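A.B. asks: After the structure tokens below, expect a handful of questions from me.
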Amino acid sequence: MGQSADLLSLFDDEPTLPRPAEPAPVPAVEPALTPQAAAPKPEPAPTPKPADVPSSAPLAAATGYSASSIEVLEGLEPVRKRPGMYIGGTDERALHHLFAEVLDNAMDEAVARHAKVIKVDLDADGYLSVFDDGRGIPVDPHPKHPGKSALEVVMTVLHSGGKFSGKAYETSGGLHGVGVSVVNALSDHLDVTVWRDGFEWRQSFSKGHVLGPIQQVGPSKKKGTLIRFHPDEEIFGVGAAFKPARLFRMARSKAYLFRGVEIKWTCAPERITDATPETALLHFPGGLADALSERIGQIETVTPAFAGRVERKGEAGAVEWAVTWSPIGFGEADGFVSSYCNTVSTPDGGTHEAGFRAALVKGLKAYGELTNEKRAGLITAEDVIANAGALISVFIRNPEFQGQTKDRLSSPEGSRLVEQLLRDPLDHWLTESPKQANQLLGFVIERAEDRLKRRKDKEVQRAAATRKLRLPGKLSDCSRQSAEGTELFIVEGDSAGGSAKQARDRTTQAILPLRGKILNVASATVDKLRQNVELSDLALALGVQPGNRFNIEDLRYERIVIMTDADVDGAHIAALLITFFYRVMPETIRQGRVFMALPPLYRIQAGALSEYARDDAHRDELLATVFKGKKTEIGRFKGLGEMMASQLKETTMDPKKRTLAKIELPSDEAEIEDLVERLMGKKAEARYQFIQDNARFAVADLDV
Ligand SMILES: Nc1ncnc2c1ncn2[C@@H]1O[C@H](COP(=O)(O)OP(=O)(O)OP(=O)(O)O)[C@@H](O)[C@H]1O
């Protein structure tokens, strides 16, 4: 099927770049500031009950924050302003992600069986070129963008692409219509050459802006697309350059992932600083089985590799895998799993890895039953995977990833497909050679028994430690003995505590559920404080003595995270807790050890796309950008206890993905002392006065 301009669906009213005659000013770049990396500013002590605190309008008026402060970023400006949102940062990994985006598009052409050859060239001047002999990006006028070719639309409009409907591609790595436009925005120069319909076409860009209209260079019988670009030093830093070894590795994994492609690699000799070859032909008809044997080399294994490839009958979908086990580990680690979806690498795993683990566990257990090996019942996924070296590649329609860098696969189909398609070949492999099956089963059972023994030892150790420390019973402690890298989550209520327990990383995250509102320490006497069970439990869990005998060195955790519902009650509990830390152990805040978790309030979904929003404003922003023009379903979480453990983990607890707000004290501590006294203090008159003083703004707010 030919790919033409009308297959490049896009959101009709997407803002586009200005024509070359009126170049838009390039926004100032803030390379260090990325949404993921930026530590959010601490919120002012979270808002207690509405009766206690009026609207924030007085602050707004004082700081001149008004409609004119709200900017709308047009065209590719958001990409240059916040590159982190699109490529995960501006570091070396992010720089190489540009290559991944362009190579993914070439691979999509190959997987769709339109291209056979991909060429990757790194020039002496640092330009990187990727060519594929596929259909070529369509160059005909785009029906919805008069005066622009589809090529120009693809390069300059976010969310434009031919992979939304599944008409032009079946199982593609591309799905957001963002990749190549992001590369364009972040390159100081980019040339596209397209060969299709008997002609050669060319168009050039700089920092996302067209340098001139598309040119028909002349007749040609060739077909394909060539993208040649140079990353912008304004974004990636002066001297930022592609590393040949890294590019080569990325190109080689792609070639392993699809047997039908040949990748021709060339690198200018002056760019090479290590053993990377100047030229190479990357073509691996043996697929992942070859990749695994190359990766593990001579390492001793328990059995020969279990490898294969199965396609789903009747509809698009395939799984390819290669796995083996080593009693001595694989170099740096005991085991590794590298997974891919539609040839896109998913370093954070996802559903396909879950399906793989499930299939292996179930298969081995079933084999244990068959051979009357009762101990097979002990096996868990951890035992099977901890010492495995595995490569898994799936091909599915409309995959759902987390974020534009696609580090994790979240489509539920991933696990179903892998589990289903792997079961038969695994049963076959095990029963075909009982000797190797028994060896593997024995090896995995040994791991399970080791694990159980370790757990028992640890329980004994921990129990002894707990007795010594007198930890509160409702604390679910983490297993790490030292404070380094550990966190105590203080959560609201037992049901949220239950979800948090499931969502945590047991090694480093401890959970302490609190029942209801804690004592307001701003107005409590020392005696009352000591008698309060919730607060003394909290101090016990932290390992510290409140008041004079407090010593920050005793703190049993590196971080203290307050995790309450994203509602008014939750904010009140958080305010009470912060007041407690501020009054009773202020050193914890001064040293930056107290944080607030930021759980989402909404989940927004449109087809395969799903995002979480922190609050109403964030929801509205997402609806106006990512979900613009889409039919959405919006779910509101009533509380943390209502979230599935996996959602809570992904959005709020997993250190790799979450955002925490650090609680900080303003430089003028007298000011906060005054505010705490007025808002949290005993004197209702002070609070009343505060409301009186600010009520005017609260009313104004209601009128809006
Ligand atoms: N090498 C190529 N050959 C043919 N068409 C291409 C090529 N590169 C890009 N395209 C077209 O341009 C569109 C936009 O590409 P882009 O990389 O921006 O997004 P995508 O691949 O659709 O999705 P993602 O943002 O997930 O990568 C593609 O959907 C495809 O239709």
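Glycine is no exception: its Cβ is also placed from the backbone N, Cα and C atoms.
Automatic prediction, not curation, is the source of TrEMBL annotations.
Source: prediction; values computed, not measured.
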A.B. asks: Quick check on the annotation: TrEMBL has Y65, N105, D132, G174, L175, H176, G177, V178, G179, V180 binding ATP, so which of K374, K406, K435 does it put in that site too?
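C.D. replies: Between K374, K406, K435, TrEMBL records just one in the ATP site with Y65, N105, D132, G174, L175, H176, G177, V178, G179, V180, namely K406.
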A.B. asks: Identify the region 'Disordered' range according to TrEMBL, selecting from 1-58, 465-522.
C.D. replies: 1-58
A.B. asks: When a 10 Å sphere is centred on the Cβ of K406 (ATP binding site), how many other Cβ atoms does it contain?
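C.D. replies: There are 28 of them.
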A.B. asks: Within a 10 Å radius of its Cβ, which of these binding-site residues (Y65, D132) has the fewest neighbouring Cβ atoms?
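C.D. replies: Each of the binding-site residues Y65, D132 was scored by Cβ atoms within 10 Å; lowest is Y65.
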A.B. asks: So what pLDDT does the domain 'Toprim' (486-600) average out to?
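C.D. replies: Averaged over the domain 'Toprim' (486-600), the predicted model reaches a pLDDT of 85.
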A.B. asks: Across the listed ATP-binding residues, Y65, N105, D132, G174, L175, H176, G177, V178, G179, V180, K406, what is the farthest Cα to Cα distance, given in whole Å?
C.D. replies: 50
A.B. asks: Helix, strand or coil: which one is G179 (ATP binding site) in, per DSSP?
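C.D. replies: The residue in question, G179 (ATP binding site), is helix (DSSP, three-state).
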A.B. asks: Any idea which of the binding-site residues G177, G179 has the thinnest Cβ neighbourhood at 10 Å?
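C.D. replies: Minimum Cβ neighbour count within 10 Å, taken over the binding-site residues G177, G179, occurs at G177.
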A.B. asks: Tally the residues of the domain 'Toprim' (486-600) by DSSP class, grouping H, G and I as helix, E and B as strand, and everything else as coil.
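C.D. replies: Tallying H, G and I as helix, E and B as strand, the rest coil: 57 helix, 21 strand, 37 coil.
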